[in-house]
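Per Swiss-Prot, the features are:
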BINDING   62, 63, 64, 65, 66, 67, 68, 69, 70, 85  ATP binding site
COMPBIAS  40-53  compositional bias 'Basic residues'
COMPBIAS  378-393  compositional bias 'Polar residues'
COMPBIAS  394-405  compositional bias 'Basic residues'
COMPBIAS  519-530  compositional bias 'Basic residues'
COMPBIAS  559-568  compositional bias 'Low complexity'
MOD_RES   212  phosphothreonine
REGION    1-53  region 'Disordered'
REGION    353-422  region 'Disordered'
REGION    441-568  region 'Disordered'
């Protein structure tokens, strides 16, 4: 299945389509970059009656949509397994939807890449459009992650390299996908990536701006949700950042329970990094930059050291960065950026603590992978309002993709899906129609809400269940194009819109208390989630403190005279806890213990140039932390003779980048 597409045998002339000279190019203009000659991708076009059942044996249904369904089938003569997508024309009520369906066929027929679903044949008559396409037997990448909960770094890099390779090929040929998500990424027999669903894709030019605010909310970039014009590739780069975060951590970076919180998180690039760090966190932060000019391009991603770690060659054949250093030096630079970012984040938190009412704004902690919505499932504003003058229309900012839909409106297409390129004299099917989408989305206006959203991560009374929650229900397949409406769009009709799909965690129960109220928990030194937690500090960043002498009384003889079963239930004490009765002889209870520095201060960036100060016994780390220090990111430097020179070189590169 992988490799160049094979044209199927059949009646009728074969029409070879490609980006150079294709009908789509004649309509939408030239591509963004010169297209290199490549092997022609033959696609049969049939415009006459043809009985498919004579050539294909239809099997089970893979997915359903508004306009038809996708079935698995086997070609009788060759035995090749294909996916057959049938579209009923009588269900297409809007001409623009037909334009986008034909555009998807043109673009997918023009692309020829081993990690993009191929189209073999297209049949069309007055009633139907039937597309014979490549079949990916392993299904969606979403389901693959759902079964495994979390992928290894090696497997994640394998998948991400193939995704980046396909997206780079699209951008090089002037095509932007605009709907990259786990549901639109399929797997073949050999677990190789196959990108599908080009229903929202379009050609772009570097000197033009697009104004179609489409895509899935959980993967949408800040310029999409805020209704700002964009060039195109930067939208795919943002979606790649969300995909990489999800592949590594198994959760979504932006996971607000309502559309206002989601817009605020995306607009500020506000996401939580799990306590278990990954070497790809620097690349994720680069791809999730709010400013599109500072965001990583597809060439930056393809040449990043993490993407190419363990491989002899880069993902793409594009030019690498000049004077690129070794991956080791890149990791030092990446660590430096992370350290400065954490310091700035801590300062922002301290400033937010001083503001009144800061604890009232809660940022829901994302802990689960959610099924994303199709673009036309977003709530939309009514279009039957009173017409406004052109001056008022031009003064309004265009709307984003997260809009409220009135209950009386049930159109199958999205006004946010209408395509427009900011350039004059375009043919009518591709002209700008942004006049239909002018309602701006209200953004949170309180600065306290933006600055203190992270203050109550630990104060939420109820947290969503960690992991990937999947509901077994019939839904659309990744083969289906985005203009088609899914079954769960009615969930977005209320005022408090829930962006998450059927796999989302339930919202917090109001009966259990507000999110900023502290949960009832017995005081004392109790182990929580295999780490010591004080309720307000990240457990991974906190060193366990020495217990008081009062807390070291034998469990069987409590000081207050109450039996152990009432004073401290055994269910809240971990078997491997340091405070268990079998481990009291391991505690160090010297009264005049000299104060020791924390690990972070011992190996901080500022003291790297004065390593000789750490040779005294007073400043050496405690023995139980030696293994943790050896396993940290600084262990990469232990095999080098001159640590100071490497760090100085990294600082010079960081200063040049800044």
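Glycine residues also receive a Cβ, built from the backbone N, Cα and C atoms like all the rest.
Other Cβ atoms within 10 Å of the Cβ of residue 64 (ATP binding site), summed over all protein chains shown, number 18. For residue 62 (ATP binding site), the number of other Cβ atoms no farther than 10 Å from its own Cβ, over all displayed protein chains, is 21. Note: residue 68 (ATP binding site) has non-local neighbours 85, 86, 87, 88, 91, 128, i.e. same-chain residues 6+ apart with C-beta under 8 A of its own C-beta.
If you draw a 10 Å sphere around the CB of residue 66 (ATP binding site), it holds 22 other CB atoms from the protein chains shown. Other Cβ atoms within 10 Å of the Cβ of residue 70 (ATP binding site), summed over all protein chains shown, number 22.
As a whole number, the greatest separation of Cα atoms within the ATP-binding residue list 62, 63, 64, 65, 66, 67, 68, 69, 70, 85 is 14 Å.
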